[in-house]
Amino acid sequence: MLRLEKRPNPSQFWNYATPVVAVLLTMVAGGILFWVLGKNPFEAIKLIFWDPLFSEQFAAYSRPQLLIKAGPLILIAVGLAIGFRAGIWNIGAEGQYIIGALCAAQMALWFYPAELWIVFPLMILAGAFGGWLWAMIPAVLKTRFNTNEILVSLLLVYVAEKILAAAATGFMRNPEGSGFPGSRNIFNYSAASNQELIANSGLHWGVVAAFIAVIFAYVLLHRHLLGFHVQLAGQAPRAAKFAGVAPARLVLLCLGISGLMAGLAGMFEVAGPARLITIDFNSGYGFTAIIVAFLGRLHPIGIVLAGLLLALTYIGGELAQFMLNLPSAAIQVFQGMLLFFLLALDVLSNYRLRLMRPAPVTAPAPKPSTESV
Amino acid sequence: MMTTPLLSLQGLTKEYPGVVANSDVTFDIGEGEVHALLGENGAGKSTLVKMIYGLVRPNAGTMRWRGEAYEPHAPAQARASGVAMVFQHFSLFDAMDVAENVALGMDNPPPIRELAAKITEVSNNYGLPLDPDRMVGDLSAGERQRVEIIRCLLQDPQLLIMDEPTSVLTPQEVDILFRTLRQLRAEGKSILYISHKLEEIRALCENATVLRLGKVVGKADPRQESARSLAEMMVGQVLHQPSREAAAPGKTLLEVTNLSLPPQSAFGTSLKEINITVRAGEILGIGGVAGNGQDELLGALSGEMRSAREAVRMAGEPVGHIGPTARRALGLLCAPEERLGHAAAPDMSLSENALLTGAYRERLVKRGFVNWGKTRKFAERVIETFDVRTPGAHVAARALSGGNLQKFVIGREIMQRPSVLVVNQPTWGVDASAAAAIRQALLDLAAAGAAVVVISQDLDEILEVADSFAALNAGRLSAPRPVQGLTMDQIGLLLGGAEGDSDAAA
């Protein structure tokens, strides 16, 4: 019989080992899934995790994609992780990403076609502001009316998607686009374009921003009193109050930071890899970033590694889609399983498994009760 | 003639990684015997009773129950054999009534109506009146304990284990409990009684086993020993009695005027027109049964709960409207009752917990950036000065025993040289020598010119350290009385909410 026993100290070993074990278990379970779908599981796993980086046939295209996909994932996940550490659950990064992109695109379209250096910096500000603003809705509702930020931020994703559709088909539609939905091509507008900084590397300003965010988050969480208060509020809310942390300020701060970073990610995406606003501009980065944040143990360095891994599953998943005809949902299931295994295994850092022999009945039988009450 | 003991422990040993909790513990508990288990915090008392109650399995050694092998794998098995346990911390649900709570703790509860009748019957038989239909949230600590005791008695146990049962009771409630325990003994039941209140043990128990560092270091007949000799056996050294030097009271440091606050939760207490004046060098003891507003009063003083500007004053300056950080900056420091989760974050290291309240006063933070080296040194100073037994400042707070964490929490505040210190239950669950050290530190702090407020349910403690005494009852605070000349009966009446004659006439 297996039993869980609480550890006196959280296990450092399992804290680092669970993400690795979770990835391995996901490969096994994913392999079974692919096998049930009638595919060769080994081929599918190799196609997802190995071929994008090392196959001669695909690597030339896939390798730069790694940074392109990992950039927004890392940028969003770092912001989310700060909130998650405080126990503030922003599930709506996808919506903040969309609104950030829309604000940045609108800024670019206002200036079009003027070639001014100020356009790109202004777009960055607009993207950050849009994401921040969208995150302030659940934040203010929570601090004023004690609503649940999980629900509000999640539902606002769908509102943002409607606004995106309206923008792509209506107020932002390219006047020279012969009526097709979608905005002007911002990538081709050189004052607004988020170009690759080194050719064929995938490195664009968004990736740079992601790495700056990682350093910022690391310093905040590990060296700054504010970061300490964030973690205190997440682990022991009463102790945080006793220490003088104002919960409402923390909610505004954490949702603000995560919204801002998601908005930034959206800005770099629309001006770079996505090139323009389309109806299906968002590709789930905001949701996948939640997995990235947890897989990276809510630690900035861990998030870099997790972001690269999840980017790999995106690229590999696409590859598996057209090489093996796997349904596109299969890769989402795959990512979901990763989060599932991770959370399940997390128990191990606070508990240890004890193998117990089934208890033989050696205690004396209950004696008949004495009637002498 | 040798009779078979009820429970015989032979060489019980329990090791945890790095720690030997119990080593070769051997003693017997006879039928109808009240046996005391004495020891400092960390001496291994809890581990030992957990082994008897089937919560923990020994690495070596055997137990015999009436001569037969006894190896409980789970509490249910221990209960089936006739062992019952009343824990130090109650496990009751506030939002359920007494009968429902009792049913939850039973292996095969009868229908609730039958159970209610049985509760009434048993509670009357043992002189512990209890209404099965009342909500537990409305009960006093003493009544909650009755729920736990009656839950045990309904199983008709042969051995009742009681862990620090009197720490939450008023003197009158202690008397009632002792009558019940004596009645149980007269019926031939055995009791294993864990307490650090040595006078109680002398009044109640005929045998005592003393544990130190996991080993049995002595057996005694408490009736033949003095409280002092028992304490010294427990600590292994001559015990230091808290002493105080009378200091002339200085200027008023803490002043609370007509402080009223609504309850903060469904089962919280509201504070009603509280008035407090504490001067430099003075210790005010606030007594009262748990749940009468102690937590709320501490929160109102620490700044976790804001009040009107003028309701709380620090050295004349109004502070009612400002938060904990600003109050700390002025020298108003607090140590809440709940160590884990309120005074300290369980999963954080002692260093991090030192930062929790010491960030600004100890200058551990510069322009918002934490100086972790300095923080660790501050934690280490607390650990050393207050004799906190732990491998180091990197250990998580939850890994410390209750008494050691308490020493750390109190020490953390005292080391920051407060001008006003408010502590709630400073020695709750702390062993005799550590409690003496904490009380001495409080006395020294007052002697050095601080104003100290000690909120405590332990009346002996208040009488030992305080200059004046006030009772908290249903959110109201009685007028303070000088401790000198106060009798236990008078205190009991104050705790029950009765004011003096002059107040009644007013």
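Keep in mind that glycine also has a Cβ here, set from the backbone N, Cα and C atoms.
Given the structure is predicted, the values throughout are model-derived calculations rather than measurements.
According to TrEMBL, the protein carries these features:
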{"type": "TRANSMEM", "residues": "A:12-37", "note": "transmembrane segment"}
{"type": "TRANSMEM", "residues": "A:66-88", "note": "transmembrane segment"}
{"type": "TRANSMEM", "residues": "A:95-112", "note": "transmembrane segment"}
{"type": "TRANSMEM", "residues": "A:118-141", "note": "transmembrane segment"}
{"type": "TRANSMEM", "residues": "A:150-172", "note": "transmembrane segment"}
{"type": "TRANSMEM", "residues": "A:203-221", "note": "transmembrane segment"}
{"type": "TRANSMEM", "residues": "A:242-268", "note": "transmembrane segment"}
{"type": "TRANSMEM", "residues": "A:274-296", "note": "transmembrane segment"}
{"type": "TRANSMEM", "residues": "A:303-323", "note": "transmembrane segment"}
{"type": "TRANSMEM", "residues": "A:329-348", "note": "transmembrane segment"}
Original post:
By Cβ distance under 8 Å, which residues at least 6 away from the ends of the transmembrane segment (A:150-172) in the same chain are close to it?
Top reply: 89-96, 98-99, 102, 105-106, 109, 134-135, 137-138, 141-142, 181-183, 255, 277-279, 281-282, 286
Original post:
Most CB pairs under 8 Å with the transmembrane segment (A:274-296): which of A:12-37, A:118-141, A:203-221, A:303-323?
Top reply: A:303-323
Subject >> Whether the transmembrane segment (A:95-112) meets the transmembrane segment (A:242-268): three or more C-beta pairs under 8 angstroms >> reply: yes
Original post:
Taking pairs 6 or more apart in sequence, does the count of Cβ pairs under 8 Å between the transmembrane segment (A:66-88) and the transmembrane segment (A:203-221) hit 3 or more?
Top reply: yes
**OP:** Check the transmembrane segment (A:118-141) against each of A:12-37, A:203-221, A:242-268, A:303-323, A:329-348 and return whichever range has the most CB pairs under 8 Å.
**Re:** A:242-268
